[in-house]
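Just below is one structure, and these are the notes that go with it.
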Amino acid sequence: MNTAYPVPIDVPKSTIRNTASLLRIVALSLISGAAIASRLFAVINFESIIHEFDPWFNYRATRILAAKGFYEFWNWFDPTAWYPLGRVVGGTVYPGLMATSGVIYNVLHALNMPVDIRNICVLLAPGFSAFTAWATYMFTKEMKDESAGLLAAALIGIAPGYISRSVAGSYDNEAIAIFLLMFTFYCWIKALKQGSALFGTIAAVFYFYMVAAWGGYVFITNMIPLHALVLMLMNRFSNRLYVAYCSWYAIGTLASMQVPFVGFQPVSTSEHMGALGVFGLLQIIAFIRLVRSHVSAKQFDQLLSGVGVLIGILGALAFAFLTYKGKIAPWTGRFYSLWDTAYAKKHIPIIASVSEHQPTAWPSFFMDLQFLIFAFPAGVILCFKELRDEHLFVIIYAIMASYFAGVMVRLMLTLTPVVCVASAVALSSLLDTYIDPTEPRPEVEDRTDAVSEAGSVATNGSSTPHPNGQSKKAKKAAAAAPQTPKGALGDFIAATTPTPKGTAPRQKGIFGIDARLVVIINVLSMLFFFVFHCTWVTSNAYSSPSVVLASQNPDGSQHIIDDFREAYYWLRMNTPKDAVVMSWWDYGYQIAGMADRPTLVDNNTWNNTHIATVGRAMASSEENAYPILRKHDVDYVLVIFGGLIGYSGDDINKFLWMVRIAQGVWPDEIQESNYFTPQGEYRIDDRASPIMKNSLMYKMSYYRFNELFGGGQGQDRVRQQPVPKVGPTLDYIEEAFTSENWIVRIFQVKKEDPLGRDHKSANAFAQGKKRKHSKPAPRRRALVA
């Protein structure tokens, strides 16, 4: 065990090892506690509640599992989703998250601890963050040492890039996925370093767990094969690599196919063909090595040139034939959207409409990683210094994750672990250097020793001393040696270049304690500000549930805006249980989870045509939208409007995406350009286009809005535009509920008129307005021949 300062000689080594292990356990325990505590701001500031949108479906499914058992959950058909189609939940969901909560729920109840399933779901992500810190410690320890592992665990425990998806109440698949990602990578590195089929099997088991928990398992499916391929290209094939990869791939692939939602995708889709190809390439290389050990060199060269070309041609033809016949599915649109940021907007607008699928802005990197974005490249460069197999994995991981994080905001989550690992390696190396008390010998002493040695050699008569104090051999060797640049670049090259064998190691160290203190204090200061930044970001930006909003009163006290739950409670208590609610797909899971009412669309987004139908109804006029609503048995329409209090995430801001998605299915009826002014502006005031002001979405949002301003002209605080003085009127639907702050508005769809009139005429008659009859066209008399 390496120590910066010497330990007493009379202390046994076992005592030192045990003390160090105890300190590491205490440190990991404190790091785990900090990771859990930093994710509880949402519970402290608000309450124990499920956040966002997708977690509400996960929570609803987990309640079914806990109440009725896994078999009922596996065969659950939900008739209230995607009305009237329904949804086979067991075959269209990753069940790992729900199964994890169900196991914890049953274990606690078996121990006579009656914990509510909601609290388990709320606190699952903070609990697994402690496991993630431990897995990151184990992974980083394989890269460098225990000190770097502890630092990496501390960094990922509080890094905002990971906390953003793992706060209390964020009951989504990522809550457990990052732990599974890091532990699978750790087991892969252990299997590769030891050539262990045991660790390869453990990696396969946790890979199966990952497949059951999150669709991002494809990242592991391609990262490990890419690492193995690069090792083979660098001529680093070994039996260790063969055993590790084959045990992981064979067991992991068979296990992953047991998840119904995945099925035969590992052997039938293009996203998985890379892993299969590397597996086949390993078999070929292993076979070639076996043949080489049994035949002569000449026979081997002839055999390799013929068989190698034949196998390559046959493999390419087989892949092309299977793809042509449809046995291997082509690349999906989601795959292309990772490589072309404009692809989704052009071809799959429903993917581009999701905010977390947008390209990442530069401030987001600093928001989620702070100063780690500067330490991260230094850690990657240090991996090049030794470039062992595990270091190569970190380099590949860093390159791939950095690219994908720039393409999509959501994938910042996969970048954060490797940033913490590489930054910990860099900072740990820096601290190891400056904490080490040993100092290099001054250069003057080295020269004095060299001169004395030269003089002694001359006295013995073995060589003639040179006038400058150097022998001719030494001068020639110095001239032949490569010249190192001077300055900082030269120092860096000298520090990172390995010492040739047979030569004395270079003198390394820092002169004086003042230089050490300056660097150490600066590093500790950066780490302190990192903790401060993480705490502030977590408490202010990532701990606010979307269903409960908060603002500040003039006196600084907190004001809670609870419009969403108010509206969902009204739906639950004042509408029939089979009343169908139409809203944009963002709110489908919340309506089903809190209001328990059937919805047309939800966040699963599996049926683009159904979602486009909702967009078409919202973008059409009231007269044209009414037949669509009646055809789908819609009883209530729910819209989100933030114009009164300045809530920018409302449906008017999302309206153009509804138009684009509907235009993709009905391009002749819905055109995006019709909702802009002739100058190309998206407006809601008097200058708004007639089609925009006549759309169902516009009418529902601004109906009776001017009444809040005493009948005068209202002001939209989100768009910063005045609303027309004459507001819209409704004929085919009527207002049923508006929340306190006008964020949620619910409208009831009228039934057909009992006299067979259209609702516009019926309303005009009820208001005492006569319908204007046009003069009938004169009838033409038939000509008699």
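Even glycines carry a Cβ here, placed using N, Cα and C.
The feature transmembrane segment, as given by TrEMBL for the ranges 146-163, 578-595, sits at 146-163. For the domain 'AglB-like core' (559-639), the DSSP counts in helix, strand and coil order read 45 helix, 11 strand, 25 coil.
Restricting the average to the domain 'AglB-like core' (559-639) gives a pLDDT of 93.
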